[in-house]
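The compositional bias 'Basic and acidic residues' annotation in TrEMBL covers 424-433. Annotated domain 'Cation-transporting P-type ATPase N-terminal' per TrEMBL: 24-98, in sequence order. As annotated by TrEMBL, region 'Disordered' applies to 1-22, 410-439. Feature annotation from TrEMBL assigns transmembrane segment to 78-96, 102-121, 300-322, 328-353.
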Amino acid sequence: MGKQPEAGLENHVSGQSNKPLTAPAHALPWTTVAEELKTNTDIGLTGNETKSRLEEYGKNELGETGGVNPGKILLRQIANAMTLVLIMAMAVSFGIRSWIEGGVIAGVIGINIVVGFIQEFQAEKTMDSLRSLSSPTANVVRDKQNVQVSTTEVVPGDMVELKTGDTIPADVRLVEAVNFETDEALLTGESLPVRKVSEDTFEADTGPGDRLNVAYSSSTVTKGRAVGIVFATGMFTEIGTIAAALRKKDSKVRPVKRKPDGSAKPHRYLQAGTLTVTDAIGTFLGVNVGTPLQKKLSRLAVLLFWIAVICAIIVLAANEFLDRQEVIIYAVATGLSMIPAALVVVLTITMAAGTKRMVERHVIVRNLKSLEALGAVTDICSDKTGTLTQGKMVAKKAWIPAKGTYTIGETNEPFNPTKGAVSHTEKEPRNMTEGEEEKESDYAELLRDNEALSDYLKVASLANLAHVHQTDEGEWNARGDPTEIAIQVFSTRFHVNRRDSVAGDNPNWKLLAEFPFDSDVKKMSVIYKNPHENKMYAFTKGAVERVITSCSTYVSDPEKEPSEMTEDYQNQILENMEGLAKLGLRVLALASREYNEEYVEGEEIDRSKVENNLVFRGLIGLYDPPRPESAPSVKSCHEAGIEVHMLTGDHPGTARAIAGQVGILPA
């Protein structure tokens, strides 16, 4: 039990189950998937059915869990050209009864093997211990009960429940999804969370990244909750397919070059056979596999071996090939002198010393040879958000056309809206200089008789799915997307909080419709109804370039009617965005309007009709502070001659500012 069927894996189609369905899971309604997997979505699988499927499909794992194999580790220490040449030299030395020479070479070989074996064995044992400590679990429905089981025991047909923070145990066809988003960076490389749906179906040939009704194994839930049916486990998952492709070894047989009609001349067969044999010999000797240093050492060993043979032949020839023992000993000794017996030991001990230094920095080195690759690094490409920075957004500046710029002071508690002073200036961001002093103000005082700020805060709070609240113990907690949390904290500073606005028997706002952020439109919008005014409003936030094209007016004076949005004013907004971006801030735009279209509950609303004729309310600048260790790490890389590059989708001005703060660019 636990072994996945190899034949089925070879013919596996992306999106299919361990045992193929009538179509890939994403192309079928979830009801059909449940029917074909013989799953009752209300009560889940029975205990007997679970055991049967576990025996049939094997454990939900990606293989390679056999623990430490000392034999393989020992073989790796011996199977290289330099060691093999030394073994041959040792055999020849003992063959001619040169005990001292042979003993020295044997000692060198022994030291090399022992040092390498001990180091790799200890590393493998440590990794094995870490694997045993990691025992992820999944919440499944079985026999009408919600139970927590080991991820390895999840089988096709299991009903799983997913919530924020969970790691998805297998490939799951979603049955229900509520504000559900997953991080699929491990699978697709996409850094942004992917919003999932349950009711839609997609074409069979849809790529993994666009199958929005499927949650993938090893991805994590960043928002919301969901229920789904497991349709693929182990090596049949998408991540399993990638693992299988990485482990698959290239064919060792060279193909025969053929003509367009499929025929081939006899010499082509001889050519393919010769190349196959030379490849096999090269692989055995290590001259065409491994790291660059390994290849060079293997080629050096082979070269020195033939030089040693030639030297021995020259000595024998000089003595007219006499078979006297002293002549043979002299010839062999001359040949052996060409082989640097201590080189292997020097390299192994050097690698071991490097490993020890890595251990002091809490890094486990599984294979000594990997240190060579690390030592040869010339460039490092690092993601910005969450790697160079803390991944904790804080709203630092807000610009409202009719009022000016608001700045939030330093705070060590990003979720606490009571920490951090607020200051205000009537200047626009484009006219401000870094470090310019602003007048510190009181939150309540700023909000008094300030309709422009009030309208701005409504958008910040309501066009937002994050939850920011204070616990009974007085601690501030937040849940949701980091960007939205930062904006919600900002509005909560002025006592405008979505959670409070929509709660209770007589709420101030009622959500009617939501249009989630889309990578194409780069905006998110909501429609709310104010029961007290009996009016509906549309609130939008998103990328500045996209939001301003949806705005027809802006508020230049709260006492007057909104002014028409002209191309010149759009450019002025973009200049202010640049001013904020130069400070290292990620900038979003906020807009809103009264929604006067007819609303019928349950009917689909045209998004394009909602996101137009908006009133531009302002910009908000979000700061993701660099990690304290980022700048010293970048400095260490530069001192080691390594160039550091930052990868980000942020505005170039924001990227330049952060790069300067961590030392990638000159400050």
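Using the three backbone atoms N, Cα and C, a Cβ is placed for every residue, glycine included.
Each residue in the compositional bias 'Basic and acidic residues' (424-433) gets a DSSP state, and the totals come to 3 helix, 2 strand, 5 coil.
Secondary structure counts, DSSP: the domain 'Cation-transporting P-type ATPase N-terminal' (24-98) has 45 helix, 1 strand, 29 coil. Nonlocal intrachain contacts for the transmembrane segment (300-322), taken as residues 6+ away from its ends with a CB within less than 8 angstroms of a stretch CB, comprise 80-82, 84-85, 88-89, 285, 287, 328, 330-332, 334-340.
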